[in-house]
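S.K.: Let me begin by handing over the structure; questions about it come next.
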Amino acid sequence: MSIRLPKPFLDKMERLLGDEYGEWLVSYEHKRRYGLRVNTLKLTQQAFLRMTPWAERLTPIPWTSEAFYYEETDRPGKHLHYHAGLYYMQEPSAMVPAELLQVKPGDRVLDLCAAPGGKSTQLAAKLQGVGLLVSNDNARERTKALAKNIELAGVRNAIVLNEEPAALAGAFGAFFDKVLVDAPCSGEGMFRKDESMIAQWEKHSVERCSLMQRDILKHAAELLAPGGTLVYSTCTFSPEENEAQIAALLTARTDMEVVPVEPEYGWMSGRPNWASTEAAEAQGEPAPDLSPEAVRAVAGTVRLWPHRVAGEGHYAAVLQKSAEESEERPAFDADGESRASGTAESRSQSGRLNEKAASEPAEAGGRGGKDGRGGSGIEQDKLRSRRESGRDKDRGRHKPGRYDGTISETDTLAMWRAFSARTIPDASAWPGRLTAFGSRVYLQPEGLPALAGLKLVRAGWYLGTAGAHRFEPSQALAMGLKKAEAALALDLDADGEDALRYLKGETLHIEASRLEGTAVDGGPASGHVLVCADGYPLGWGKWSDGMLKNELAPGWRRMS
Ligand SMILES: C[S@@+](CC[C@H](N)C(=O)[O-])C[C@H]1O[C@@H](n2cnc3c(N)ncnc32)[C@H](O)[C@@H]1O
């Protein structure tokens, strides 16, 4: 075996696995498998297979719809279709938790430990743009990748937060139909995929992770609406972080129960005997005080072992909160509109959820980078620093069109409307709430409660920024559009030179005849062009007289 596994880890696994230990150990001599998931927000599986050069070497991942094993040598991360967000590369076992959550359009979904966003993009695809996705991670740096992956996937109905679960529980209460806790863990199941996890394991003990998980799960349960479903998952083997966590939660909350998962596809059932004494004793600790029913119930959770499935080690539990009939709440209609209900009102009176406040620029703002495109800024902090420096004190008093570092939200929205009327004619009919935070414009999902006091990374679908003379559309806007929505589009061949040059940030010579559509005002075809590859957006360009100025945001360019 080339991987050097720590002796205490091996000793513990031998104790736990008994006869199966040898088989498990041999799995480290096999190569890991690679997976990708088609982004069905952008295209169907059939369309993907038709246009993918290595389609014949793909084989389906049995537990996930629209997902495939690929050959490492095909390097899908290098292909232009990756830059168009047509698929997400994800470890095959890591696709299980979001699949088990059974999200459907219209749900309110919380991904509590979401960075870098593999599962959030999977959940967003299940929503198909209808309902709400709140993606959260408490690690500020990691939320940058999270926001970018959500934007690359073209998600229009998500917000991204950078919060502790306790703060979310305080702000939202029992709001979400579906909650995913893909918990921070000791990562034992990932040693084959990523050897750097071994050093992490030695640093962050199982015990420390267990404490974090217990706290996260406690608040996750509070965030779940009556009748809602929670999936808890880890990529580790240690029972303290798996069965023992679920048994402890069930002991503490009698309103929650395990929804048994069928151990198909080579998955194995959770181990009740690992929930209590054995795991704790293996750590030299007293057994926690668990109810016998709770311990028995973990038999309905699942383990994915690398010697049993074509994927890395994982654990998942599906839990349901009992429904309380008196609890009504606003729900999303199939068209994404929300229906008001008594509960929303009473929550708003209690000061926790306040629909009006959600449309006010309470917490987010900032220009998000020099070019105003905001590849990855933490908006709240920027607004805070602007306010502290007093630069916001004259907000709303500047002359429209003259950018003096401030711009009123009314003018910001007017600039968006003028821009979108020319560039994306149907934008005015999009469902959601158009909101300006300073000079930045967002489309927020309907039914979003107040975000006041929460650290926002993305307050919704970020559409762009009002500047001194014009509105600058965002990269997120481009990625969330369909080619047909743009008044002017340029469709490049993904295998051609122009597409690669565009991705590198170069200016292109493009004859007028290659542009699709016409300028809406009937004038000459000039202005913002949605640049696509094989029909799927890559970013913006600005066309005039045969030249396409490259407007691809710097953080989105391909360097090699
Ligand atoms: C296993 S990773 C999540 C992977 C992610 N679900 C995905 O599919 O891409 C666990 C994440 O939990 C985050 N985390 C750790 N403690 C947290 C806490 N108290 N609240 C929220 N997130 C936390 C970590 O920053 C890390 O990004």
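Each Cβ is built from the backbone N, Cα and C atoms, and glycine gets one as well.
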S.K.: Besides CYS113, ALA114, ALA115, PRO116, GLY117, GLY118, LYS119, ASP182, which of ASP74, ASP137, ASP215 does TrEMBL list for that S-adenosyl-L-methionine site?
M.R.: ASP137
S.K.: Three states by DSSP: which one describes CYS113 (S-adenosyl-L-methionine binding site)?
M.R.: coil
S.K.: Report the mean pLDDT of the predicted model across the domain 'SAM-dependent MTase RsmB/NOP-type' (24-322), rounded to a whole number.
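M.R.: Per the prediction, mean pLDDT sits at 94 for the domain 'SAM-dependent MTase RsmB/NOP-type' (24-322).
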S.K.: Measure between the Cα atoms of every pair in CYS113, ALA114, ALA115, PRO116, GLY117, GLY118, LYS119, ASP137, ASP182, the residues the record assigns to S-adenosyl-L-methionine, and report the largest value in Å, rounded to a whole number.
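M.R.: Looking at CYS113, ALA114, ALA115, PRO116, GLY117, GLY118, LYS119, ASP137, ASP182 as a set, their Cα atoms extend up to 13 Å apart.
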S.K.: Indicate whether ASP182 (S-adenosyl-L-methionine binding site) is helix, strand or coil by DSSP.
M.R.: strand
